[in-house]
Amino acid sequence: MVLDESQLRAEPVVEQSCWANMPPELLRDVIQRVEASENAWPSRKHVVACAAVCSSWREITKELVRTPEQSGRLTFPIALKQPGPRDSTMQCFIKRDRTTSTYQLFLGLPPSLVENGKFLLAARKCRRATSTDYIVSLNHEDMSRGSNTYVGKLRSNFLGTKFTIYDSQPPHSGVVASNRGTRRLGSKQLTSRVHCGSHNVAHIAYELNVLGTRGPRRMQCTMHSIPASAMASGGSAPTPTEFTSCGLEEAHVPYSSILLSPRSKAAVVDSSALESSELVSGVLCKEEPLVLKNKAPRWHEQLQCWCLNFRGRVTVASVKNFQLVAATTSSTTTSTTAGEAAAATGGGGGAGAATPAPTSSGSDHDKVLLQFGKIGKDMFTMDYRYPLSAFQAFAICLSSFDTKLACE
């Protein structure tokens with residue numbers, strides 16, 4: 001589809017009102033007071049409203065609003081691609097709709113405790129012949145890859161044991177460009193149009209259950225976009241500051257790379273030429289990637305089930321429940337008190353929830369970076385922290401929903 005460029009140009013904004021011509025010092029003080037006072041949703045929407053007044057308001061608001069890593073708050077949509085807080089967790093919940101195969105991520109406590117949570121992301125499950133895709137979007141009403149609200153996807157293999165997370169934009173530190181072999185172009189077309197969202201940022205692998213024994217799942221996540229040094233003291237994780245254009249991006253292909261097909265008027269482009277061109281917007285991360293693994297639950301003899309200390313955030317035992325920690329050191333489950341309560345399943349196949357217990361403060365590698373658990377028939381909690389972003393955590397949790405023929 002070809003559009004007139006005049007339709008794509010933004011209309012000029014007339015900044016002649018008293019709000020647009022406020023002195024910068026006064027404007028900064030006003031926005032700073034609003035940002036400091038409105039620290040939670042839905043009142044946080046007033047900070048977003050300040051950024052929507054005009055360009056001068058927007059620039060100052062973006063300058064004053066800190067990242068989730070620094071403030072522990074989610075304000076603008078780009079915050080969903082930025083690492084979570086270091087000293088606390090972002091508490092979210094996921095609602096599943098079985099009829100439409102959709103999943104919605106909300107910020108805050110479950111609806112049973114508060115009226116509504118702040119909507120963050122939505123995903124739609126798309127079954128294919130040899131794989132399953134989960135399309136992630138900022139809009140729960142438009143979850144297509146062609147939408148400008150598309151932020152990424154999760155793809156599984158046929159067995160549901162290996163997953164790949166694709167981001168709609170390259171991270172600041174390292175990216176694995178997807179290799180899809182040859183690409184077909186029209187005979188008179190000298191440029192290829194490639195949709196953004198093919199940036200491989202993570203792999204998730206579930207251990208095969210060869211013996212068929214009943215027990216909790218074992219998973220490992222390799223975060224290609226996050227270096228292992230991010231967990232060290234003074235380390236940092238990639239923090240994008242704005243969304244890249246999610247439209248169709250043009251990439252020029254040299255003439256030598258186009259081979260005419262004898263049976264078709266189309267041209268076949270060598271993928272090696274694409275990899276060396278502007279299509280690859282990043283290189284493999286030179287640093288060792290961060291590897292996450294699930295915390296091994298322990299067997300509770302009295303309750304006859306596997307248990308993990310979710311600190312009251314999980315109430316229903318399920319094989320989907322998990323906690324992820326950095327794999328650099330051996331992780332052991334935290335000890336719980338004798339009065340811990342876990343919801344048991346008939347065969348003990350899932351990890352239940354335990355009551356909070358005092359634990360000694362360990363290193364950053366012992367911290368639970370992501371935990372996911374069931375609290376109702378179609379309701380789940382998701383708590384994440386630095387160096388994971390909301391999008392990355394949501395994609396990892398979506399992998400737990402997928403059917404795993406060789407793991408159970």
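Note: Cβ is positioned from N, Cα and C throughout, glycine not excepted.
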Stated TrEMBL location of region 'Disordered', expressed as one of 161-189, 335-363: 335-363
For the domain 'F-box' (19-63), sequence-distant contacts whose Cβ falls under 8 Å of one of its Cβ atoms, 6 or more beyond its ends: 13, 73-76, 107-108, 118
Within the domain 'F-box' (19-63), residues counted as helix, strand or coil by DSSP: 30 helix, 0 strand, 15 coil
